[in-house]
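Beneath this line is the structure, given in structure tokens, with notes to follow.
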Amino acid sequence: MDGPLLDRLSARGCCSYNTLKAWLPILSWLPGYKLKWLQMDLLAGLTVGLTTVPQALAYAEVAGLPVQYGLYSAFMGGFIYTLLGTSKDVTLGPTAIMSLLCFSVVGGQPHQAVLLSLLCGVIQALMALLRLGFLLDFISFPVIKGFTCAAAITIGFGQVKNILGLQGIPHEFVLEVYYTFYKIPEARIGDVVLGLLCLALLVTLCFMKTSLGSDDAPTCSRVARKLVWTVATMRNALVVVAASLVAFSWNAYGHPVFTVTGEATQGLPPFRPPPTSDTTANGTVVSFGEIIEGFGGGLAVIPFMGLLESIAIAKAFGRQNDYRIDANQELLAIGVTNIMGSFVSAYPVTGSFGRTAVNSQTGVCTPAGGIITSVIVLLSLAFLMPAFYYIPKASLAAVIICAVVPMVDYRVVAKMWRICKLDLLPFVVTFLMSFWQVQYGIVGGVAVSGALLLYNLARPQIKVSDHGVLVMELGSGLSFPATEYLSHIIHTQALQAAPPRSVVLDCHHVSIVDYSVISELGDLLKQFKLREVQLVFSRLQPSVLEVLLAADLQGFRYTDSVEAALQMES
């Protein structure tokens, strides 16, 4: 076999391997895996696992599902992301926002939640394969902030009823607020005391962890600091375990003063395709088409919000820890996670900021830490479900409240007011509409942001200065929505003046023109000729000049500078 043929075969093999590494990022780091990484990955996976289990149980409550569904949703992400993820820090699983979105779409129906996971995963994976990640760029920062603030308030207040031990509270936010206050006299004193104690303990441990990293933290031994940091990091698990022991003790002595989680299905979920139909409580069969119709706009909102949350987290920790992520590969990882998760009765998941922060702070070295976290969740499902019977709902409510309170970023309102007051409009629309229906808030905010974007395109800044000849400088690009506005300015300030005036159009910000722009410019040139004045184009970019010359506009004149155009007119 000759040399050139060997070279071609070698190059082809290398190209195939690089392509395989692009689709399976694990091939990039696994061959060079070091023993010291294993120790850090084990520690991080264990720490995140002890955080994941109580949060997963709590978030299932937000989704309106039995608690075991939170754990069903919490283990597949670790395995899939290890194969397909490009961030060493990100952990996939149930989150507060996705749980709220899931509840708003399926209303706490387990079979429909599982089917929703499959459909969301398919949409997300297709977006990755078609390289459609850029669509996320159309969800603006004010919309995201308005949604997260409203979601945090909705989720947080929704847990007040569990702190108070109230029953029969509606899920619609306005009615929930009304009936929570209306039924305060029915509050159970045991739940109130336990819930407030759990909240106080969680806040104290969180404050202790934060103070360890501050510059004015008191000097103490390395071992003591490590112990405090570990306890504070695992605060959710410790508080839930302590509350469960208290509830078990009172129940053992015949005083069931706490509202507990109750029976939960023990064991691993069966691996089977998600159901394509559902049966209501009264025995009515709901077909696949009827389920999809019931999902409505949520089938578009949930995949987008899942992708947005996960990629934002991956990018943030990539910048912090000096590595880059592949956004489309992240889309594929979360899409495949939701698809495979639907086969083990999971509802839609995404990246968790809190658990990712714990993963990073613990010193995880590779995505393999997620495998350890998933194993801990599986062990909990296999052996600990009977113990979960005694978990007080008030303790899970405290975990959720402490998790969502930091999401209410009130400072962002003042920042938007100082920087761009107009950004408050999509923020307020998203914020208010999210209390009606979460998905409507996002759609409404995106619509308002889109309208503002189109308005800016249709009304570009035009700086007019008088040098004997009017010089009009376009402050941004020129596209077809702006042609009518440009024509109006030129007519009112030049063509309708007495006498009519010549115009130099400074186009150095214009990088592209379309047929509508060319047509309008042709009409303007005719109007200038009829009035025996001139319209001169200045500082045209080569690509735009080429198009204008090809259009063969009658009376078209251009110069390389505004000064040259003024001299031409004088």
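Glycine too: its Cβ is placed from the backbone N, Cα and C atoms.
A quick note: this is a predicted structure, and the numbers were derived from the prediction, not measured.
Listed in TrEMBL:
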TRANSMEM  42-60  transmembrane segment
TRANSMEM  66-84  transmembrane segment
TRANSMEM  91-108  transmembrane segment
TRANSMEM  114-134  transmembrane segment
TRANSMEM  189-207  transmembrane segment
TRANSMEM  227-250  transmembrane segment
TRANSMEM  295-318  transmembrane segment
TRANSMEM  330-349  transmembrane segment
TRANSMEM  369-389  transmembrane segment
TRANSMEM  396-414  transmembrane segment
TRANSMEM  434-455  transmembrane segment
DOMAIN    468-570  domain 'STAS'
Confidence summary (mean pLDDT) of the domain 'STAS' (468-570): 87
Segment proximity, the transmembrane segment (189-207) to the transmembrane segment (369-389), 3 or more C-beta pairs under 8 Å: no
Leading stretch by Cβ pairs under 8 Å, where the reference is the transmembrane segment (42-60) and the options are 189-207, 227-250, 295-318, 330-349, 396-414: 227-250
Other parts of the chain folded back onto the transmembrane segment (396-414), taken as Cβ under 8 Å at six or more residues beyond its ends: 54-55, 57-59, 61-62, 96, 145, 148-149, 151-153, 155-156, 159-160, 162-163, 195, 198-199, 202-203, 206, 236, 239-240, 261, 354, 424, 427
Top Cβ-contact partner of the transmembrane segment (114-134) among 91-108, 227-250, 295-318, 330-349 (pairs under 8 Å): 330-349
Counts by DSSP class (helix H/G/I, strand E/B, coil) across the domain 'STAS' (468-570): 50 helix, 15 strand, 38 coil
Beyond the flanks of the transmembrane segment (295-318) by 6 or more, those residues with Cβ under 8 Å of it: 86-87, 89-90, 92, 95, 97-98, 101-102, 104-106, 112, 116, 119-120, 123-124, 127, 133, 135-136, 139, 144, 147, 324-325, 327, 330-331, 334, 338, 348-353, 356-357, 360, 438-440, 442-443
Tertiary contacts of the transmembrane segment (189-207) (same chain, 6+ residues out, Cβ under 8 Å): 162-165, 231-232, 235-236, 238-239, 243, 246-247, 250, 257-259, 392-395, 397-399, 401-402
